[in-house]
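K.L.:
The structure's right below; bear with me while I get my questions together.
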């Protein structure tokens, strides 16, 4: 019996060896997964250290600046308004009117979104002409200029410099939001593209938290320190200028856009090491072969290209929903809820820091889960949970005075909403913008998505106060509709992109278009 078992095992080994030695090369790739299927389920090794450092260098002067400049302007509100009033009195020997002061302060705050729209409009074009890394480095000029102008506003007595400085911080943030996700998505290996793409969301939340912490009165939140506080935007710019030049340009950009084969090989070796560079090179080569004779597309060309219709509709909907889903309303109600819960006014800034820390934790959690659970599960689940929170938030605000316990339920809903947003929509949206397009269409897609995102940001800031006045707590029913409809669209339309190459994702959308138009002229050719 023992001899028979040994003989059977030897026969199996001989058969597998024979298959491996004699199978024709053209069939080997097809049948190899059947022979070693179990290796597909093994988790990939950790990314190269150089790759992680390159991502950090890109983030610190990229989307970190966006989060930092969104939050840092909140702390010196009263101090800047006092400065404007003082300057006005010195110029015109009279105090500024309340309406004029409100208008000037609103301009200082909202001009940031105008700059962001300008930045995202030019960011895609610059990323094609200067490269992803080159654009990020040049972008620091705007941050340094803004820091200089805002720092000089107080000693020169020119509050107009604050308006110009905030505009430049917006341009810097707009370019960073457009180009940094491009860079991270293109340098990342397929297995870690989700986690690397989460660098965008993580750096935004870390920027928001940093602005909240530095704005505390124990650090730079006192009245005499506000010019220094606003000019600290130069620090991330200097850090990026010192670190990013040590890392290579995007290998995809070098090979597909510039045809620099030698530069691509060198970049891949530095980012992925000798062991991982060959597989990534094959993926880039396949994409280049499919895009041969194609040039980078302009944004208006995407609107007339039927091959990317569903991808374009998807990223437009997701980027608009990212701003219109109620996350800004939650922060609007935060201070009111903290006050209702009995938190002293001088302690509210510290609780606000807690909301920033909450966002950081969820962004990091999403980064750990995204390549395990997939994009579709996280973003759909996030919007579903946000829909539930909208219902609960409406109920708790409606019965706020019914019991002393109700405000605490409202606070729980607030933090649950922030957690749900960070776990799904806040992190996955930018990754999908990278993954749903190939190299020639990606910069234009980011210009369109970014423009819509900034316009929605501006719109919600302009309209939301009137919505709150008109609907009060029932405004969250509007956000409930946005979240639930977005979740439904994602569930039925967007394919899972986890562990798929850009070419495979394009083929998934071609299959979707074929199913939608199966009675039409037929299917489009599949990319190989």
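Cβ coordinates come from backbone N, Cα and C, glycine included.
Unlike curated entries, TrEMBL annotations are predicted automatically.
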K.L.:
Can you dig out which of the ranges 12-30, 31-49, 50-68 TrEMBL describes as transmembrane segment?
P.N.:
50-68
K.L.:
Identify the transmembrane segment range according to TrEMBL, selecting from 285-307, 377-399.
P.N.:
377-399
K.L.:
Can you tell me which of 50-68, 312-333, 348-370 gets the most C-beta pairs within less than 8 Å of the transmembrane segment (377-399)?
P.N.:
312-333
K.L.:
Six or more residues out from either end of the transmembrane segment (50-68), which same-chain residues have a Cβ under 8 Å from its Cβ atoms?
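P.N.:
Contacts of the transmembrane segment (50-68) (Cβ under 8 Å, skipping residues fewer than 6 from its ends): 116, 133, 136, 139-140, 143, 169, 172-173, 176-177, 179-181, 183-184, 187-189, 196, 199-200, 202-211, 233, 236-237, 239-241, 243-244, 246-248, 270-273.
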K.L.:
Would the transmembrane segment (444-468) and the transmembrane segment (161-183) count as touching if the test is at least 3 Cβ pairs under 8 Å, pairs 6 or more apart?
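P.N.:
These two stretches do touch.
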K.L.:
Please give the sequence-distant neighbours of the transmembrane segment (161-183): residues at least 6 beyond its ends with Cβ less than 8 Å from one of its Cβ atoms.
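P.N.:
Those are 58-59, 61-66, 69-70, 73, 80, 107-109, 111-124, 126-127, 132-133, 135-136, 139-140, 142-143, 145-150, 152-153, 197, 199-200, 203, 230, 233, 237, 250, 430-431, 433-434, 442-443, 446-447, 450, 453-454, in sequence order.
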K.L.:
Kindly say whether the transmembrane segment (226-247) and the transmembrane segment (474-494) touch, using the definition of 3 or more Cβ pairs under 8 Å where each pair is 6 or more positions apart.
P.N.:
no
K.L.:
I'm a bit unsure how to read this: which one of 103-124, 136-155, 312-333, 348-370, 405-432 has the highest number of Cβ pairs shorter than 8 Å with the transmembrane segment (195-214)?
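P.N.:
The listed stretch sharing the most Cβ pairs with the transmembrane segment (195-214) is 348-370.
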